[in-house]
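From TrEMBL, for reference:
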| type | residues | note |
| --- | --- | --- |
| DOMAIN | A:74-522 | domain 'Amidase' |
| ACT_SITE | A:Lys125 | active site, charge relay system |
| ACT_SITE | A:Ser200 | active site, charge relay system |
| ACT_SITE | A:Ser224 | active site, acyl-ester intermediate |
Amino acid sequence: MLSSVQNPRILLLHHCRRSKPLHHHHRLRRHHYPKSIHASPLPHPISASLPTSQIQTIQKSILSREKTTRQFAEEFLTRLRTTEPHVKSFLHVSETVLNEADEIDRKIDRNEDVGPLAGVLVAVKDNICTADMPSTAGSKILENYRPPFDATAVRKLKESGAIIVGKTNLDEFGMGSTTEGSAYQVTSNPWNLECVPGGSSGGSAAAVSARQCVVSLGSDTGGSVRQPASFCGVVGLKPTYGRVSRYGLVAYASSLDVIGCFGSSVADAGILLQSICGHDKLDATSSKREVNDFTSQFISKDYFESQPLKGLRVGVISETLGDGVNQEVVSSIRGAISHLEELGCTVTEVSLPSFSLGLPAYYVLASSESSSNLSRYDGVRYGNQTVSDELSSLYGGSRANGFGPEVKRRILMGTYALSAGYYDAYYKRAQQVRTVVQKSFKAALDLHDILISPAAPSAAYKIGEKKNDPLAMYAGDIMTVNVNLAGLPALVLPCGFVKDGSASLPVGFQMIGAAFDEEKLLRVGHIFEQTLQGYSFIPPLIADEFKSSSVKIYQLG
Amino acid sequence: MGTRALLLLTPAFKSDCNLLNHFTKYGFHQTVRQQEKLFRVGVRKFSVHSSLERPNVARLAETARISLTPQEAEEFAPKIQQVVDWFGQLQDVDLQSIEPAIRPDTEAGSFREDNPEAFDNREAIIAAIPNYEEPYIKVPKVLNKD
């Protein structure tokens, strides 16, 4: 079956042909771009630049004093200001970014150590606690809430020299796949402002895609980092459960939640992960396993061998390329597969028959755990409180006013599934399915180094399209939820496009690895990305700016 | 026990033969033979189990301490019912010999010593309390006359 796979160069030709004469901005009637960032034809054919590590560039430039931290910070803040009215990825933007940048510049002047993320603007999903900024989890019940502590991941970022640029939008408490479930605003996809960015970490994905920040943190309970990464054309990394401390991550479903990373290159996502992972005594589920340095493998492609992935055994999950999956998504994945073959991988199909059963099992577990976790929002100790003359109606009123409809529904479904007499029928059975899923992944990963699937069955869809059909939205999570049930690490990276009217929307593919083997995923991802010719994953919203700064170099090639 | 059908993302099995080969290899014989009948191209069939009471939204809302308006309760009921029916497919799989997994089996949890520690940002905790009168958190009456 894999022999019929199209050569990526053929795909490339098709791609260029169809994208050449088309202009994106015809489609955007409701939105007007400022003149400086008007849309351009996409994607850029052939001359497209390979993604580079922005973190490494910043580190090199500021340490060699070629550019100041302030200059980098101003560059990102300017872009943030021009793009934010269209994208709306942030719920809060820090006012101290430039001061923090100046402080780093002063340290460099004094030859002090500034840390591996010095001057790197990091956006943080708003369900991750920051003591000096509001942390609302996208919910009215936490409006203006300022936690008394930083999440461990945030503390580690700050210790590495990172500048937290702001808090990004999300589906309330992470419950959703479009970011439309935020109590505050709807975020747009930078590739097409009429489309959703995915979710629940839609703000973090859109912010990296629109280059409003260098990298960002998200959280992934059932795909909330990987699906928006695919929709927004960025790299998304879901680490192994236990790799990153969950301390300070607003709990949704504790047995599934992980903090994950977004970047515009594999190296950036990997360097970000390196700085936040490791054991934390404040999270009993965080692993004591030693963390290898996996950033040293992000070498220049000039040093790659001719078949740098020779011998790597790749398993394509056959259930994920069947009916119900968009055909253009499937052909993008097939293109990625044949690229992996050219790099030396041995690709075979693998079947995971429990795959589709993972979806209802996931939703039983997530709803049940959320009904328990969200019982803490009682309006008494923090958060919004309604006026009442009696305690139980204060609880009921505060929760009724504070939670949005999707959160209420999941709490009610979870309450049902955990009711006396139903526990065995739902929660326990879902946990048994989790065992089956874990075992089938384990068996598949004994025979393969990595497993491959799409990150989502479609590219980004229109805002409002699935809003009133919960099951349709849940079905979109089929590619990702099983990985959370098994707790495995997965990396999503852009690999192609689907046609979207006159323009294109990015498609990502998912690589799943064995527990705690992020190193391998990042190595393979880096090599894949650095050898994928002819695609540019810079969205139309900002393409002009990037074209003008890099076009000279690529015209030479 | 009635049978319902719901269009859903479909697992595409090439053939039953493939499926069985896989399971002979990986060994979940029991599970799979039961599951086999569930995987149909295009339509996922599952049963609605009459032995399990259907969700009563008003009562669930009371248990979960969420004061729903009558309109909300009416609007939620069919959506919750639809999802709960969809959960029902878990009943049709034979999972008898399978141990439940309470979390990913990536690593066992390790607990720290249970020693109290002073939290150094007490003011911020107090500042977040909506209704506070030193040194108490103020709430309306707890006992209900009914």
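Placement of Cβ uses the backbone N, Cα and C atoms for every residue, glycine included.
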Give the sequence-ordered list of residues that share a chain with A:Lys125 (active site, charge relay system), lie 6 or more positions from it, and have CB atoms under 8 Å from its CB.
A:Lys167, A:Thr168, A:Leu170, A:Ser201, A:Gly203, A:Ser204, A:Ser216, A:Leu217, A:Gly218, A:Ser219
Mean pLDDT, the domain 'Amidase' (A:74-522)?
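For the domain 'Amidase' (A:74-522), the model's average pLDDT rounds to 96.
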Return only the integer: C-alpha distance in Å from the residue listed as 'active site, acyl-ester intermediate' to A:Ser200 (active site, charge relay system).
5
Within 10 Å of the Cβ of A:Ser224 (active site, acyl-ester intermediate), how many other Cβ atoms can be counted across all chains shown?
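A count of 36.
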Hey, what's the Cβ neighbour count for A:Ser200 (active site, charge relay system) at 10 Å?
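Total other Cβ atoms inside 10 Å, all chains included: 35.
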